[in-house]
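Notes for the one structure printed next.
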Amino acid sequence: MISAVLNLPSTPLLPLLWFTLIIPASLTNPKFVWRFSITETWSTGNQAHSQTQGTADCSPQGCQDALLLNFHLSSVGNYDHPVICFLYDQTEYNCKNYWQETNLGCPYNYCNMHEIGLMCANGICTPNDRPFVRNRTSGGYILTIKDPWDPRWAQGVKGGLYATSWSSYPTATLQIKRVYVQQVPAPKSKQVDPPKSVQALQNLTSVVKSHEQKIQKLLSPPNSPNNEDPFSWLTLIRQGLNLTQAAGVRNLSHCFLCAALGKAPLVAVPLPTAFNITTDSTSSSQATSLPQVPLYRNPQSQTLPFCYSTPNSSWCDRTQAPSRTQTAPVGGYFWCNQTLSKTLNHASITQSLCVPVSLVPSLTLYSEGELAELASQLSSSNNIQKQAVFLPLIIGVSLASSLVASGLGTGALTHSIQSTQTLSTQVQAAIEASAESLASLQRQITSVAQVAAQNRRALDLLTAEKGGTCLFLGEECCYYVNESGLVDTNVKTLNKIKKELQQFNAPLTPGPPVWLLPVVQQMLPFLIPILILCLMLCLAPILIKFLRARVQEITRVTFNQMLLHPYTQLPTSDPNYAP
């Protein structure tokens, strides 16, 4: 699912065109689930094909039980007994270490093969039976995933599809991955329990406060311009990860958080109701406005839940103009035509769109499987268009969506703002400080991105506090969240992950010649002496014939030389004789 933001021009000349093209949407507390998908990749002639053959969702409570994945197959043709092999569940050494890229776990017939089974008495087979069965109702297949909670599914699991159990090579590769997606249709938001919402806000602010000192130190102007710290994408990523974890989005490990270089780092999330606690602008100092902040747009909805003012009444479910100038409470802002401010002047909003919003980092969440597919397309610019036709991608889930799904930005945050009298001053200050830190990041990234977009060397120096520790994917800077839920900055680890991503979606390589099969390879110590003996027996007659011909030739030449030797007349008398 691709997250969308609303970018509106600042000029007032084309207001109808702005909102005709992109209408902001309401946030209805969307639900997110872990979704499994199976993709089949095969070749016909010189053309490669890739198609998502089936999906299955875990329960809203998480992937706690075995999952049944229904799917179809396109590459097996009329074969009735296909076989699936995975490398991860092999127990034999030879099955795990021989011909991994070619056979994908089944170089021998004694390897762990998931042969198709018959339907069980209850209609489908349980995990105790064969996990790979045929669905007689739909004509497709069912694969039972016994451990959907395992991190390997988020990384992506690659398997081989064999037409039969005696096939030498797979006819296609199967990729199964688990991603975090928004559930459609989004259910209606429910009333939030006030004590729970207050507790959630307190937990969130405590995390923000613990990291605030370091962030403020990084963002505060130094005493000397020569000692100014460069902007760090890593700071933005860590801030977003902390907010996400504090908001209750769990299982964020073995994944990537990415920031787009050409997109603002902050996004304004519309709130469903007006701010309840308001004061006159004279009673509070007016904070500096923050321009060019996009408004988050939920693609599943067409209207905003609440607006203070709007040029078109159809854009909002409910509109209520303020009776006086207001000041937003801690953690909240007024969004008017891409500009954030803490105060709202009731006399100047009649011709503009103004909504109450919260502020979160604009990041994208990828699983390893998703990023591997995207990396394989970007590895060669010549093949991006061709591969994109056969490899549709679920790009990821916006961090703004994740926070909204957890209650922030809708019921929980709104109710907490309305109940600020029950919160301590320290909690209120922490929320406000967090928003100010993100606002400072917004101002820095706007100036930095303009220079970095034209100078990759400068960009490399600005990606992290201690060097280039982000993975560049097109125009996105991605950081890896390891198994501990922390941003990994180890360069060696990142390089290893980058190589794995480049190799993960490599096309199915042609199999080796028959004489290089693993079975034949094990017989080579016995076959080599036999082959040498056969070779000697084949060459011996030729060699003997050659040697015999050479001996005969040498004998003939020697005999002829003796016959043709020059004749010399023998003397008839003694030369020393004198008569």
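Just so it is clear, glycine is given a Cβ too, placed from its N, Cα and C backbone atoms.
Taken from Swiss-Prot, the feature region 'Surface protein' applies to 23-387.
Marked as motif 'CXXC' by Swiss-Prot on the basis of similarity to another entry: 255-258.
Sequence annotations record features per position, and here Swiss-Prot assigns region 'Fusion peptide' to 388-408 based on sequence analysis.
Residues annotated as region 'Transmembrane protein' in Swiss-Prot: 388-579.
Here Swiss-Prot flags Cys470-Cys477 as disulfide bond, drawing on similarity to another entry. Cys477 (disulfide bond) falls within a strand segment according to DSSP. A sphere of 10 angstroms centred on the C-beta of Cys477 (disulfide bond) encloses 25 other C-beta atoms.
The topological domain 'Cytoplasmic' annotation in Swiss-Prot covers 545-579.
For the motif 'CXXC' (255-258), the model's average pLDDT works out to 76.
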